[in-house]
Amino acid sequence: METSKTAAESGVSFEIIFVGRSNVGKSSLLRELFGAKVRVGKRPGVTLRPAHVQVSDLLITDMPGFGFMSGVKDRKQDIVKDKTVHYIEENAERIKLGVLVIDSPAFPQIVDRWDSKDQIPIDVEMFDFLREVGIDTIIAANKMDKVKESEYGSLLDEIAIRLGLESPWQNWKHIIAPISAKKGDIKALKGLLRDRLHEMKRDDLFKYV
């Protein structure tokens, strides 16, 4: 795989973007999925620009983490969010898939915290935004290895509800993929990605996913 400088220069026609809060494991997931050598920051929010990896006409994009960024002022955080939205709007036609990566154990509490302030959590806002601009979106519910097996189903139900999806979560297996990137357990996500590629008649990309 080659790191892409700009999609325009590379003749890209098919893009998959990965979005999520800082430190939810996006870069680790990309490495596990594609073997991509994407820089992984030790502190939340180290990545401030999109990181691209290209193979054939497929572009894989790791968008900057939104939300808390260590050592980054609030104003700059807003700029990163605005640039992310602008990037998605500008390239919506070629962005065929969006993967929203979340920290599963923390997600319900994060959403509830923002709800208590009468504010829309940025994760939920991003999920809704991607779908509004017509981008098929998958939820990569990461860090499930930190969840007790007995609480697995109830947590995924809570995640679905907070995303505006009625429980039980099993009704949304075509959208929600429980994974653990660090443990290499990403089978559910790979399955959903391949399902989407097949629907788009891009089985030729299976060898990269």
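Cβ atoms here come from the backbone N, Cα and C positions, even for glycine.
Cβ environment of Arg49 (GTP binding site): Pro64 lie under 8 Å away, each six or more residues apart in the same chain. The GTP binding site feature in Swiss-Prot is assigned to 20-27, 45-49, 62-65, 142-145, 179-181; the stated evidence is sequence analysis.
Secondary structure from DSSP puts Ser27 (Mg(2+) binding site) in a helix. In the shown protein chains, 23 other C-beta atoms lie within 10 A of the C-beta of Ser27 (Mg(2+) binding site). Annotated Mg(2+) binding site per Swiss-Prot: Ser27, Thr47, in sequence order.
Summarising the annotation, Swiss-Prot assigns domain 'EngB-type G' to 12-203.
Here the C-alpha separation of Ser27 (Mg(2+) binding site) and Gly20 (GTP binding site) works out to 10 Å. Burial estimate for the binding-site residues (Lys26, Lys143): highest at Lys26, by number of other CB atoms within 10 Å. Around Ile179 (GTP binding site), the same-chain residues six or more apart in sequence whose CB sits under 8 Å from its CB are Leu29, Ala140, Ala141, Asn142, Met144, Asp185, Ile186, Lys187, Ala188, Leu189, listed in sequence order.
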